[in-house]
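Have a look at the structure below, then the notes.
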């Protein structure tokens with residue numbers, strides 16, 4: 001035990017292992033988009049698509065790891081073998097970032113191969129490590145196990161914070177091969193993953209290892225299929241059964257049927273949960289883009305997790321307990337959803353304020369244009385097919401808002417007519433889609449001249465776009481709310497998934513929990529691509545959807561009955577004795593004809 005407590009020494013190795021693995025994963029992931037754009041020379045759409053595809057794959061592969069652990073190798077060996085795959089993926093990814101290793105095609109092939117192996121490794125060990133940590137505690141130490149999951153979650157975020165800060169510095173400040181050192185930036189996470197594997201193996205003699213119990217997934221699918229088939233074929237005279245799974249009793253053990261019932265009850269609870277992750281994961285996309293339009297950018301969530309976890313464990317939850325409130329795990333999760341919805345309400349208010357002074361980016365097939373008049377008198381600007389500047393533009397006045405020039409293509413040549421002192425001047429200009437331009441009208445050597453932007457022109461200082469004075473501090477409330485929601489929802493859900501699962505299905509249920517994250521990302525992609533709403537309206541939509549889902553979840557949770565998987569041992573102890581007695585009787589009967597023959 002650790003320092004005389006009820007915490008086994010083995011969990012120290014598991015916590016350090018998780019810290020190093022998360023450092024490895026997030027450190028590599030922090031550079032992926034820049035690596036795709038700047039090193040592999042992909043456009044932003046392809047870079048974004050591959051990035052999200054990789055992220056989704058990392059949360060779909062836990063099912064494979066769970067099946068291997070619970071049905072074949074056990075959690076300990078699964079973690080070791082898939083960690084080796086993980087390390088190999090990192091090494092291949094780092095080699096692909098060395099410029100002298102082949103051409104761009106070779107770099108792409110190595111990078112994709114490395115990412116697939118990393119996704120298989122990190123996803124495969126995800127459900128195993130947390131469940132393996134829970135296995136180290138004795139059944140009576142439920143409170144210590146609950147706190148372990150909190151510490152486990154803190155180690156995840158500690159690794160995330162350090163890696164997200166360190167690896168970008170290694171890429172930008174250290175130069176190798178004449179450019180940004182992606183090879184080193186990817187190599188450091190590879191070394192951390194190697195350390196993670198070594199630390200985990202070092203604690204081998206201290207672990208409590210549960211052996212796998214055969215192909216449990218095949219048994220589960222077979223049992224469900226037989227129950228459905230048997231129920232469908234029943235006759236009118238067959239007596240009714242308490243549960244549809246009981247129709248499998250003719251072929252499958254009652255214990256397995258009860259275990260499947262336990263898992264299915266939890267999986268039904270999981271159905272609404274992806275909506276929480278749909279909101280939570282937008283911290284890395286929508287909220288980050290919001291921050292870039294403000295006057296500072298900071299990393300908040302991971303820092304707040306490290307602060308909030310001990311506050312909730314040692315302050316908030318004990319205080320609620322003193323108030324005689326039965327704050328069950330499912331109530332915590334529902335409350336976490338409400339906090340996440342409130343976070344998006346706060347984000348909506350910030351977004352409305354930010355957009356007041358931010359120029360919307362040009363869309364595909366259009367450009368943005370504003371006009372600076374550096375002549376002594378006013379000018380009139382006419383663009384073919386558009387009446388964007390109906391009023392005359394005074395000399396040296398601050399430009400009006402950007403106007404959208406429709407190109408109906410990627411590039412367009414336009415002849416802009418400028419009227420000055422009743423003389424019309426033609427300006428031949430070329431516009432490219434998704435670009436912003438300033439048309440400068442000024443004196444040339446002989447007559448009026450037009451130029452796009454400020455190429456070779458000295459002008460007086462004018463205010464192009466009003467500076468955005470919305471402080472990044474206004475994002476703190478939404479981050480505080482989403483982090484509080486994460487503590488109550490994610491950590492609680494992790495421990496709940498473990499505590500409500502039968503011993504031979506704990507990794508499978510952990511994988512089911514992680515799958516909700518994957519489907520949450522799918523929801524974001526669907527809404528972002530299909531809704532076509534303004535950003536603040538999209539935030540409101542997500543908040544409203546989460547509140548609706550929270551209500552559905554609360555109704556389902558109201559009818560859920562908490563179980564102790566160990567009760568199955570007591571329930572079927574008599575059955576086991578009866579089965580043994582039957583076997584002994586059969587053996588005794590088998591001897592009778594043999595005895596008579598010998599006579």
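Cβ coordinates come from backbone N, Cα and C, glycine included.
Per TrEMBL, the range carrying the annotation transmembrane segment out of 24-44, 150-170, 213-233 is 150-170.
As annotated in TrEMBL, transmembrane segment covers the listed stretch 80-102 rather than the other ranges in 80-102, 333-355.
In TrEMBL, the transmembrane segment annotation falls on 540-563 of the listed ranges 540-563, 564-587.
Most Cβ pairs under 8 A with the transmembrane segment (49-68) among the ranges 80-102, 108-129, 150-170, 262-280 are made by 108-129. Between the transmembrane segment (80-102) and the transmembrane segment (540-563) there are fewer than 3 Cβ pairs closer than 8 Å, counting only residues 6 or more apart in sequence, so the two stretches are not in contact.
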